[in-house]
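Novice: First, the structure itself, so that you have it in front of you.
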Amino acid sequence: KGTIHLFRKSQRSLVGKLTHEFRLVAADRRSWKILLFGAINLVCIGFLLMWCSSTNSIALTAYTYLTIFDLFSLVTCLISYWVMMKKPSPVYSFGFERFEVLAVFASTVLAQLGALFILKESAERFLEQPEIHTGRLLVGTFVALSFNLFTMLSIRNKPFAYVSEAASTSWLQEHVADLSRSICGIIPGLSSIFLPRMNPFVLIDIAGALALCITYMLIEINNYFAVDTASAIAIALMTFGTMYPMSVYSGKVLLQTTPPHVIGQLDKLLREVSTLDGVLEVRNEHFWTLGFGTLAGSVHVRIRRDANEQMVLAHVTNRLYTLVSTLTVQIFKDDWIRPTLSSVPIANNILNLSDHHIIPMPSLKAADSLNPVTSTPAKPSSPPPEFSFNAPGKNVSPVILLNTQTKPYGLGVHHGSAPSGSVLNQGFGMPGMGATQGFRTGFTNVPSRYGTNPRGQPRP
């Protein structure tokens, strides 16, 4: 007898997982209409492929590929419904919206591959043009056109509707728009129909059907079979030109790029965030398109040490949430530490030294005598510090003042040559510098406890 494992989850196969998810989608009544159109689409594709074989028309084959693309669009619509039903999981923390982006990208790329296949077959037919039978050519054209238009207008495909509006216009749309402006210039009443941006899928269906009708008439009248190959090339080029902008747009979404039309708005919001009370710096910002119409982002905000973290987080989120629906904000306080200040007064005769003497470094008191918050002396009786000696480089050996510099104004410092041996023994000689934290001043009237009066007499 085998071992019984309690509470062990059964591992489903890939087919079992797909079946489970399909049942989840099929349970929604909104998907029944899509499944019905999908079944009709498969029947139409079967009939059209048989008529393509009987008529030997490559133009009808190219037009049938648009019906196959309609099947891909129906599958994308089902995936969109499935995405709305699924909740974010630990593996997919941002949800499943990128699946419909991937479905749109795959559908448009497959349509372009089909167009490239038609171009290759058409190039071979130019070398040896076969005879075309027009018995079912016109029937197949109207069946495919009717089903494609009925599918596009009856079912609202949210992913493809968004991409067709957000992506750049195809060359077919631009040429039709120019023609529409000319027509509306003659008949202004048609501006509400022709001037708006036309649906690229409806446009390519009508243009392909028109090319097949011209092919049928020329073959019936003059037996000009080469026009079938020319129509196939035209339909393939229109398909490629229509699908390419959509592939580029969905591909940029998959690459997590920032949409160009929101960059200006994001910069404005970030400038507003940087001016909020308590905010010192906004850095490491990254914004990308999560799905169609969904923007995600993350940002690091450095604030003052005395600022309220929750208040700053609420204000930053409130500003950016108007544009970024999925936002991650990391707040961290300023970690900058100010240098410790010395509380020891400088000797009275420190400015009367000659240039070749070493300026002694005043000793620092213990760190416990300083207030760590204000970096000032803890004793109220101590005089306020004038200079800071506890800066980086405090452990460097003392430096000798050379006489190569001109005499500082108002200091009465004597000039003399510094012995070369002293320079080599004490370190590098830097003109105008004292010990590591030596200082120079250009003031004539120096306080009494730091030097002499203008007459050269020591101050009390």
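Using the three backbone atoms N, Cα and C, a Cβ is placed for every residue, glycine included.
Annotation comment: TrEMBL describes 35-255 as domain 'Cation efflux protein transmembrane'. Summarising the annotation, TrEMBL assigns region 'Disordered' to 370-390. For 32-51, 63-84, 96-117, 137-155, 201-219, 225-244, the entry in TrEMBL reads transmembrane segment.
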Novice: Please identify the stretch among 32-51, 63-84, 96-117, 201-219, 225-244 with the greatest number of Cβ pairs below 8 Å relative to the transmembrane segment (137-155).
Specialist: 201-219
Novice: Counting CB pairs under 8 Å, which listed stretch among 63-84, 96-117, 201-219, 225-244 touches the transmembrane segment (32-51) the most?
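Specialist: Selected stretch: 63-84, with the most Cβ pairs under 8 Å.
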Novice: Same chain, outside the transmembrane segment (225-244) by at least 6, Cβ under 8 Å from its Cβ: which residues?
Specialist: 57-59, 61-63, 65-66, 108-109, 111-112, 114-116, 118-119, 121-122, 125-126, 129-132, 170-173, 200-201, 203-204, 207-208, 211-212, 214-215, 218-219
Novice: Go through the chain and flag residues at least 6 beyond the ends of the transmembrane segment (96-117) whose CB is under 8 A from any CB in it; none is fine as an answer.
Specialist: 62, 65-66, 68-69, 72-73, 75-76, 79-80, 82-83, 86, 88, 159-160, 163, 236-237, 239-240, 243-244, 246-247, 250-251, 253-254, 290-292, 294
Novice: When you scan the chain for residues with a C-beta under 8 Å from the transmembrane segment (201-219), skipping those not six or more beyond its ends, what do you find?
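Specialist: Distant contacts of the transmembrane segment (201-219): 57, 59-60, 62-63, 66, 73, 132, 134, 137-138, 141-142, 144-145, 148-149, 152-153, 160, 164, 172-173, 176, 225, 227-228, 231, 234-235, 238-239, 242.
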